[in-house]
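A.B. asks: Have a look at this one before I ask anything.
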């Protein structure tokens, strides 16, 4: 007899596959409520956690400017000097003009008029009589000196222009590979370790990218950067969700999303100020090296520490939070912090890796959680697919591309405000279903208003799906599930750039595909359990029971 007879032992609490037995079970959500769900400790650390979110937005979207399209024209050897002017007065004589997507007449990029004879007067004078009406393919180009990207530096023009556009796909592929790795590290080694390691490594890769010596080396670091740092957002998000109380999670998710939009707008401002791709990268990645200090500045997730049986470390952080918030913990909570788990004999000696595997096997063997996970992955795939689909098949807005980029980023802010209220008023499930369906119904690339409504709807959906996924799965695998779902979602961003090819068979086919997937995902979202007001599940059993009761008391 081991002292715990079936009639006398306390109910088991499954944490990372270990059968722990406590005299009294500590409910972390109730402890957070006692500490103050949004006290000085939480606010300070939440701001620190949100700063990497800002930088992650810039990391993720730098390719928009570093590999973006720049203005260029054919070089005319008969007229251009050694240091050619981009828009000389004689250009219409030598290069045919054509209408661009904004209806503006611009010089052809890939063709010029053939010369009848050599120019004896030099570049200052280049008469129309020098050229015939016959066009020939350009062999050299002149770039607008006001900005520089890899297109201008590595001569990615005309037939090679696809090499610039593929940078975004390579970036998504890097995230596809890196996200599940970060999730595994986070669940096994710790949230803080995963976050700080990703930040440091991605800073190094970004700086290496700014030193790329040719196109191939740029593409290599464009892949490695998101591969090692793609989990920054999910790591920060999980840390944030596990830091605040149950009633503040919607607000916390909204704040994280706001920081991301601010990061996007900041990237646009930096690109506008510098306009040189190497300088842009260094301006973003050098300050990010500061995040190595986070090893000492931010605490580990208490929820993760408890899931690993590290009660002493968790207790130290809870006491620190209480002192910082000016809160005196109750005797009952203090007594629970002194408890140590008694491990079932059948689980003693297991490594964290094996214990995490135990929970993973239980999730896979659970029909409820397995179907929930598959549904999550499809919703994530739809989110990214439709988001990029809207961008690729929408109206091309004329004007300054830098200010447009900043405005499009900031227009997401109203969506986040709406998300906060809808998640708390109508719940996660209804918010996700309606926003996904709405993004499909607003799929019309010929009307700017409908495009903006669709953009707001899919932005709302992105915010909800992050919160929803975090609230539906147990602590030991929470980050792994989010990272794997993100990874599946990245398939959408990889495939979406190719969908315009479908328009060759039927013009509306890409839009029908985007709209159909949105409506289907909106319907499938109704099969999720509602998590509004529930405590974050720490065990497989708690995750399975979500939705079986209307609301779990956490006060």
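Cβ from N, Cα, C; glycine included.
Here the structure is a predicted model, which means the values were calculated and not measured.
Sharing the record's features from TrEMBL:
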type     : residues : note
TRANSMEM : 43-65    : transmembrane segment
DOMAIN   : 125-533  : domain 'Major facilitator superfamily (MFS) profile'
TRANSMEM : 194-212  : transmembrane segment
TRANSMEM : 218-239  : transmembrane segment
TRANSMEM : 251-274  : transmembrane segment
TRANSMEM : 280-298  : transmembrane segment
TRANSMEM : 369-392  : transmembrane segment
TRANSMEM : 404-423  : transmembrane segment
TRANSMEM : 448-468  : transmembrane segment
TRANSMEM : 509-528  : transmembrane segment
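Tell me about the surroundings of these features in the structure.
C.D. replies: Distant neighbours of the transmembrane segment (280-298): 45, 48-49, 51-52, 55, 58-59, 62, 65-66, 192, 195-196, 199-200, 202-203, 206-207, 209-210, 239, 267, 270-271, 274; these residues of the same chain sit at least 6 beyond its ends, with a Cβ under 8 Å from one of its Cβ atoms.
Listed as Cβ neighbours of the transmembrane segment (369-392) (distance under 8 Å, sequence separation of 6 or more from its ends, same chain) are residues 363, 432, 436, 439-440, 443, 445, 451, 454-455, 458, 461-462, 465, 468-469, 472-473, 481, 484-486, 488-493, 495-497, 499-500, 510-511, 513-514, 517-518, 520-521, 524-525, 527-529, 540, 543-544.
Residues 64, 250-251, 253-254, 257-258, 261, 264-265, 267-269, 271-272, 397, 430-431, 434, 452, 455-457, 459-460, 463-464, 467, 532 of the same chain lie 6 or more positions beyond the ends of the transmembrane segment (404-423) yet place their CB under 8 Å from a CB of it.
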A.B. asks: Count, for each of 43-65, 194-212, 251-274, 448-468, the Cβ pairs lying under 8 Å from the transmembrane segment (218-239), and report the range with the highest count.
C.D. replies: 194-212
A.B. asks: Report, as numbers and ranges, which residues of the same chain sit near the transmembrane segment (251-274): CB under 8 Å and 6 or more residues beyond its ends.
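C.D. replies: Counting only partners 6 or more residues beyond its ends, the transmembrane segment (251-274) has Cβ contacts under 8 Å with 38, 46, 50-51, 53-58, 61-62, 64-65, 233, 236-237, 240-241, 243-244, 280, 283-284, 402-403, 405-406, 409-410, 412-413, 416-417, 419-420, 423, 459, 462-463, 466-467.
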